[in-house]
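What TrEMBL records for this protein:
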type     : residues : note
TRANSMEM : 6-22     : transmembrane segment
TRANSMEM : 34-61    : transmembrane segment
TRANSMEM : 81-104   : transmembrane segment
TRANSMEM : 195-216  : transmembrane segment
TRANSMEM : 237-255  : transmembrane segment
TRANSMEM : 261-281  : transmembrane segment
Amino acid sequence: MGGGNTAAMGLFCLLIMLLKVSEYKHGLTTFKSMALHIVLGIGLCIIGEVKFVILLSPIFLAWVWLSPSYVKDVSKVNLKTLLVIVAGMLLLISLSIVILAYYYSTAFGGDPSKSSLSIFIDSLSYIFDPNYIMSTGELGRFTTFLFWLKNNDLWGLSGTLFGYGLNATNSGSTVSPGFLNIIYNLILDSTSLSMLLWEVGAIGTLLFVSLFIYILKVCQPKPLLRLEQLDQQDLQLLSFAPAFNAFAISCLISLPYSQILMITPMLQFLFYLSLGASLVIRRTVLRCVG
């Protein structure tokens, strides 16, 4: 599908869905508004074939609902509403699988005796194939990691631990491609994790991921404020925290799946905005209570 980066669009839709669920949890929007945004978000992901968001969105939506809030009065879990949300998302996922399976079987042909679920699972099989290499030289998701494990010591231990420098895996430039792209004649930057491992090494990757995990741990909301202490604008701001945290986690999970967090400025902006906003909200709450 042309017109832009559909994976980044899918994660943007996920952020909107997470914000709406958190707003509904805090009593700031109606169930109808929340459901409408979820249906529209999933619909756009179906059109863009963003399977990452389609399959993982129920987990993150449930995560937001179960996450504690900075407001004491909304920290209790309403099991009935949670079940409604999960049931609705499972229904949307089932519908998404049927629509995508029909598209795949129509566009690419297939065994008519196969179920929609089988066709959909077959469309995901390349992700976990350890030897998947496209005709263009692009490695499959799992293949990129295994290839790094086998070939990371090109310059010895230093290359394994600290990598081979920024832009070493660049495959998008015919004028100045990365030297690893020239050596192996393969597209090694098909996932963000592969780019990190090759360019900054195991230690750099560990530091990169650990920093964000630490921020997310520090920014985990705790019920410190009462509802009567807050006006609607304050409550609106505090409701964003669980959604921003869940979105940041989804971006980190995308590291071994896609390259977008490393090369797409719009998604990078949303990722760092979410982390920064969570830190600002946390500091504001702590200053208010202490």
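Even glycines carry a Cβ here, placed using N, Cα and C.
Ranked by Cβ pairs under 8 Å to the transmembrane segment (81-104), the stretches 6-22, 34-61, 195-216, 237-255, 261-281 are led by 34-61. Counting residues 6+ beyond its ends, the transmembrane segment (6-22) has Cβ neighbours under 8 Å at 29, 33-34, 37-38, 40-42, 44-45, 48-50, 52-54, 57, 60-61, 64-65, 85, 239-243, 246-247, 250-251, 254, 258, 260, 264, 266-267, 270, 274 in the same chain.
Within its own chain, the transmembrane segment (195-216) is flanked in space by residues 145, 148, 152, 159-169, 180, 188-189, 245, 248-249, 252, 255, 259, 262, 275, 278-279, which lie at least six positions past its ends and keep a Cβ under 8 Å from the stretch.
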